[in-house]
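**Student:** I'd like to ask some things about the structure below.
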Ligand SMILES: NC(=O)c1ccc[n+]([C@@H]2O[C@H](COP(=O)([O-])OP(=O)(O)OC[C@H]3O[C@@H](n4cnc5c(N)ncnc54)[C@H](O)[C@@H]3O)[C@@H](O)[C@H]2O)c1
Ligand SMILES: O=C(O)C[C@H](O)C(=O)O
């Protein structure tokens, strides 16, 4: 008998990330090869024509796992019965902008979406915010979604984690899959802290393979922090395929047990761990147990360098929160 389909709502479905993401959800990359999915695709009116084209292409793939597709501009219709709400729709930054510059443009989108999720999504809904600045947009959505527990809201820093692994692998002459325990702390922004001090290469401290501390504390961190801007400069548009891949990886990590001893980076609602103000949406090391419950990994040691970096990114999250106080 067919498994009950999982319902996934995706906002900004006709955008660049949407175009790279929907086909991976429908093909089984996100929930596995035996899990059917319903897609509820949300776009603003001007995006509806392009969305119809994307749906024609979804049809033309004849995906065995794709059970139903709905396209709508109505938020309550779009989030109806959603087990997962992937909030991608929003304006990307252009060259020379910081992601925080988008707060005024995008912040308001997330109040209405939070309310609609609370009104019509499934009881077990989980919400992953991708639209930038994603941490603070997630904060806005969470505060607008009355009745939905705070631990269901996430913002995406997995792309940063993957970028950091790729940089370390290249420098260390090892494969990406040899890198574990890579944590991105704080904000998905230029202040994020990719923590090389706790990351491992083949189970040993990174510093045993990469002895160039100046590179680790300098170029490595700034390359990861600035990678989004570098892609915008090179491509003329913000990352889309790698961002969609980050969404797939994040949902897979939240729905499968974390390999023993490892962790993944996800921005979650802080409970005060590591001195991060409770209630901020901040990235930290997360693990998921066999029942699908997530936790902040306790006891990760932060040296003076790491603490200073963490303080800076948390301060930026406080500032962003203050800037959207009227939406909270
Ligand atoms: N967290 C991350 O790692 C990460 C990575 C890459 C991009 N992003 C962000 O993701 C967002 C989307 O990027 P993109 O490249 O797909 O942009 P895009 O401009 O190609 O697509 C955005 C889509 O969202 C739609 N949209 C706008 N407002 C909407 C609303 N209120 N409801 C529903 N849909 C709406 C637009 O019509 C458009 O189709 C941007 O904010 C970008 O900065 C985040
Ligand atoms: O950098 C951007 O604005 C897009 C995205 O957040 C990224 O990290 O690639």
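A Cβ is built for glycine as well, from the same backbone N, Cα and C atoms used for every other residue.
Caution: TrEMBL annotation is automatic and unverified by curators.
As annotated in TrEMBL:
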- 188: active site, proton acceptor (ACT_SITE)
- 12, 13, 14, 15, 16, 17, 18, 106, 113, 130, 131, 132: NAD(+) binding site (BINDING)
- 93, 99, 132, 163: substrate binding site (BINDING)
- 8-149: domain 'Lactate/malate dehydrogenase N-terminal' (DOMAIN)
- 157-325: domain 'Lactate/malate dehydrogenase C-terminal' (DOMAIN)
**Student:** Would you mind listing, in sequence order, the residues at least six apart from residue 132 (substrate binding site) in the same chain with a Cβ closer than 8 Å to its Cβ?
**Tutor:** 90, 92, 93, 99, 102, 106, 188
**Student:** In the structure shown, with every protein chain counted, which of the recorded positions 93, 99, 163, 188 has the densest set of Cβ atoms within 10 angstroms of its Cβ?
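**Tutor:** Counting Cβ neighbours within 10 Å, the top one is 188.
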**Student:** Quick test of your reading of the structure: among the binding-site residues 93, 99, 163, whose CB sits under 6 A from ligand 2?
**Tutor:** 93, 99
**Student:** Tell me the residue counts in helix, strand and coil for the domain 'Lactate/malate dehydrogenase N-terminal' (8-149), as DSSP assigns them.
**Tutor:** 64 helix, 25 strand, 53 coil
**Student:** Tell me which residues of the chain lie with their Cβ under 8 angstroms from that of residue 16 (NAD(+) binding site), as long as they are six or more apart in sequence?
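**Tutor:** Residues satisfying the criterion: 92, 237, 238, 240.
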**Student:** Considering only the binding-site residues 12, 113, 132, 163, which possess a Cβ situated under 6 angstroms from at least one atom of ligand 1?
**Tutor:** 12, 132
**Student:** Just the number: how many Å between the Cα atoms of residue 12 (NAD(+) binding site) and residue 163 (substrate binding site)?
**Tutor:** 24
**Student:** Between the Cα atoms of residue 18 (NAD(+) binding site) and residue 163 (substrate binding site), find the distance and write it as a whole number of Å.
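**Tutor:** Counting only the Cα atoms, the answer is 20 Å.
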**Student:** In whole Å, note down how far the CA of residue 131 (NAD(+) binding site) lies from the CA of residue 163 (substrate binding site).
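**Tutor:** With the alpha carbons as reference points, the distance is 18 Å.
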**Student:** Any idea what DSSP makes of residue 188 (active site, proton acceptor), helix, strand or coil?
**Tutor:** coil
**Student:** What's the number of neighbouring CB atoms sitting within 10 A of the CB on residue 18 (NAD(+) binding site)?
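**Tutor:** For residue 18 (NAD(+) binding site), the 10 Å Cβ neighbour count is 26.
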**Student:** Tell me, if you would, which residue among 12, 131 (binding-site residues) has the fewest other CB atoms within 10 Å in the structure shown?
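**Tutor:** The binding-site residues 12, 131 were compared, and 12 has the fewest Cβ atoms within 10 Å.
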**Student:** For the binding-site residues 14, 113, which Cβ has the most other Cβ atoms within 10 Å, all shown protein chains included?
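**Tutor:** For the binding-site residues 14, 113, the Cβ with the most other Cβ atoms within 10 Å is 113.
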